[in-house]
Number of protein chains: 2
Amino acid sequence: MIGGGQLARMTHQAAIALGQCLRVLAASESDPAAQVSADIVLGSHDELDDLRRAAAGAAALTFDHEGVPLAHLEALEAEGVAVLPPSKALHFAQDKLAMRVRLAELGLPVPAFADLAGDREAARARLVEFGEANEWEIVIKAVRGGYDGRGVWLVDGADEALAVFDEYPSDAPALLAEQKVPMRRELSAMIARSPFGQGAAWPVVETIQRHGQCAVVLAPAPDLSDEVAERAQQMALRLADELGVVGVMAMELFETVDGELVVNELAMRPHNSGHWTMDGAVTSQFEQHLRAVLDYPLGNTAPTSPLTVMANILGAPEAPEMSMDERLHHLMARMPEAKVHLYGKGERRDRKIGHVNVVGRQGESMESVRERAERAAQWMSHATWTDGWDVHS
Amino acid sequence: MIGGGQLARMTHQAAIALGQCLRVLAASESDPAAQVSADIVLGSHDELDDLRRAAAGAAALTFDHEGVPLAHLEALEAEGVAVLPPSKALHFAQDKLAMRVRLAELGLPVPAFADLAGDREAARARLVEFGEANEWEIVIKAVRGGYDGRGVWLVDGADEALAVFDEYPSDAPALLAEQKVPMRRELSAMIARSPFGQGAAWPVVETIQRHGQCAVVLAPAPDLSDEVAERAQQMALRLADELGVVGVMAMELFETVDGELVVNELAMRPHNSGHWTMDGAVTSQFEQHLRAVLDYPLGNTAPTSPLTVMANILGAPEAPEMSMDERLHHLMARMPEAKVHLYGKGERRDRKIGHVNVVGRQGESMESVRERAERAAQWMSHATWTDGWDVHS
C-alpha cells in the first residue's frame, strides 16, 4: 500500500487476520502504518523507483491516498505491476474535472460546473459567466490534491470568487467552479468491486462535515427511503463497473432539498465514511479492500447492529491539560462499550488522530447512539461538550 | 509479550487500535507475531538477558504461553519490571500440582489428585494406592509444560498407568495422577482482572476437544442454567482475585454428569476458548488483556449476537490437493459471512493454523451456527466433511 497513514494502518490490521502482512511505502518510520507493520519500505510516492521497490514481489499495489502521479502508475502497469485500482480508474478520483466530465457523460447526476483551466483571461471570463448564470451560488475547487477541506473555497459572491481566482498561483493544480447545490445533507455510498466485477455495497450513510472535514457518520443514514438508498448504491456500483475500479470506493453524495441525489466526490480507497464498518458491519472496509485487490470473493456487508455512529477524534489545541492517555483512561471508565481506534499520530489542533465507533443497543434511538459517540469523541478531542456538537469552536 | 505465536499476533492486532505497537520476544522472524509487528526482539524465553532486552522500556511484560522460568520472572520483578500476570500468580498456571493444592485450600472444586513427584518407589506406591481407590479411573499428567494434549495420558487400567509411570524419564517434569471425572461436557469461564482488582467476565462457553486439543467453542454454552454460569464466573473472578492475576484468565471446567463444576486447568493469557470474542463480543480477549496489563479500565464483555461458534483450522495432511489459498477462495465464495483468522503458520497435520468465527443470525439455532462454523473450519483444514464432526480421522 502506497502511503503510511491511518488507512494503511487499519488495512494492516485487517491483513493480519487474512494471514498476511501489509507492506507499506511510508515517508517515515513514525508514520501511523510504519509504526505497526513489519514490512516497511521508506520512500516517496512521487519517486518511481521508490514505488518500484514497494511493488517488487507484491501481489498487488494499492493506495491510502490519491497522491501518486498517474504517469508513474502507468509506467508500473507497463512493467507488469498489478496496480489496483488501475490508473485508468484512479484518474477519476485524482482529477475532479475529469470525474465530473465522465460522470456527466454516463448520465450520472453532478452539479453544474465550469472548467477554469488554461488561458487565465479566458478562464476568468468563464468564471464570470458561470457565476452570473448561478447567481454566484458557487464553490471553487482545485482539480486535484485537495482533502479535508483543503483545495475548496466556499465563496460568498462575485468579489470573493474573483479574488480566489486572481490570487491563485498559476503553477498550482487547475481550478473548476461548481454550482452550490441546495442540499438537505451529505450521504456516502460505499461499495467494493473485485477484478472480475463482483460488487458489494454497505448501507448508505449520512456524513456530517465540520470545518470542511468529515466529523460524524450515521449508519445507516436516518430516514432515507429504501428507494433512494438503493439508487445511491446502484449509482456507485454502476460507476465502479464503468470505470473498472478494483477495491473499495466511496461515492460522496448530496441529497438536495427536493430529494434528488448529486455526486460530490469519489474516493477509490478506504474512506472516513466507512470507518463505522470496523465494528458495525460483518466485513470492514479494510478487509474488503484487501479481498478485492487480492482477488478474493467479497465479504458480507450486512450491519451487525441496526445503528452505528462513528465520530472522529481530533487533536487537542496546544498544551492540553490532560494527556491523551489520561483522556483514554477516563473514556474507557465511562463508556466500556465505546470502540476507540487511535492512529499513533501526534496531537495537533483539529488533526484527525483517531475515531470512536458506538454500536447501538437493541431498540436504542439514533439520537442516543449519536450522543454517546459524539460525547466520546469530543472528550478524546479535549473539546468542551456542547449541545451544538461543536468541536474546538 | 513473551512468545511470538498466534496469541501475540492477535494481541498486536488489538494493540493497533489502542494506538500501540506490541513488542514481541520471538524465537524467529517467521513466528506468527514477528511477521506482522514492527517491534520484534529475537531471543529465547529461557534466557534472562533476552527477557531483559524485551522488557527494556516497556510499560509491562506479559506472555503468550506458560513457558518462562519462574526464577527469571522473579529476577525481573526484583529489577522493577511490571511482570503481568505477576510470577506469584503465574506459578499456578505453570504448575498443575501447585494449582490443585491452592484451589483445594481455597475450597474450589478440583478432582481428587495424587502427587507423583519425589522418590520413585514412594511415588509408585502412591500411584497404586490412588489408582485402586479410584478403580483406576484416573488420568496422569505432567505437572508442567503440557499443552494441546501433550503431557496428558488417558490411561485405561492399572497396567497402562504403571507403564506410563515406569517409562517416564526421571529428568522430565514431575507427574500427578488425577481422578477421571464422569463428565457431561467441558466449559470455560474467561475473565479479566486489572491491577486494582476490576473484574469482567465473558459468557461461559462450551469447549469441544478433539485429540486432546480444543476444536470448537460454543458461545454461550447451550442449555447452561444462569445459576451454574454465574457460579463458574464467580469462581474464576474470585480465584483471579485470590491469586492476584492481572490480564485475562481462562478457567477450564468439567460439568459433571450430576451438574457439578470441577476446575480442570487455568491459563493466564488469551486462550483458544476466548477466540470467539474477536467477532462475537464488544471487547475481544486480546484488547481486554492489553487493557488489563496496561491498567486501562476493562471493556464491555457483552456478546454482540445471541450465538457465536468458533472452530479451529488445522493443518492439512501432507501434500494437500488444494493449497490453503485456494481453500480460502472457495470458503469466502461459499460463506461471505465467515470470519477467518489465519496465523501465518506453515501447514502441518493437525497443527492449529487459524480459526473461523461464525456469528449467529437473529433467531438461528446453535445447531445451525455450529454446522456453518465446523463446515468452514473443516473445509479450511482440508478435512472430509462428515456428520460426526470428525477432523482428519
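Yeah, the Cβs are placed from backbone N, Cα and C, and that goes for glycine too.
Owing to the predicted nature of the structure, the values given are computational and were not obtained by experimental measurement.
The following features are taken from TrEMBL:
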type    : residues                                                                                : note
BINDING : A:Lys96, A:Lys141, A:Glu178, A:Gln179, A:Lys180, A:Val181, A:Glu186, A:Asn264, A:Glu265 : ATP binding site
DOMAIN  : A:100-294                                                                               : domain 'ATP-grasp'
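On the structure: features taken from TrEMBL.
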residue	record	DSSP (3 states)
A:Lys96	ATP binding site	helix
A:Glu178	ATP binding site	strand
A:Glu186	ATP binding site	strand
A:Glu265	ATP binding site	strand
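Residue density at A:Glu178 (ATP binding site): 21 other Cβ atoms are found within 10 A of its Cβ, drawing on all protein chains shown. Per-residue confidence over the domain 'ATP-grasp' (A:100-294) averages 94 (mean pLDDT, predicted model). Sorted by the number of other CB atoms within 10 A, the binding-site residues A:Lys96, A:Lys180 start with A:Lys180, the lowest. Within the same chain, residues at least six positions away from A:Glu186 (ATP binding site) with a Cβ under 8 Å of its Cβ are A:Glu206, A:Thr207, A:Ile208, A:Gln209, A:Glu252, A:Leu253, A:Phe254, A:Glu255, A:Asn264.
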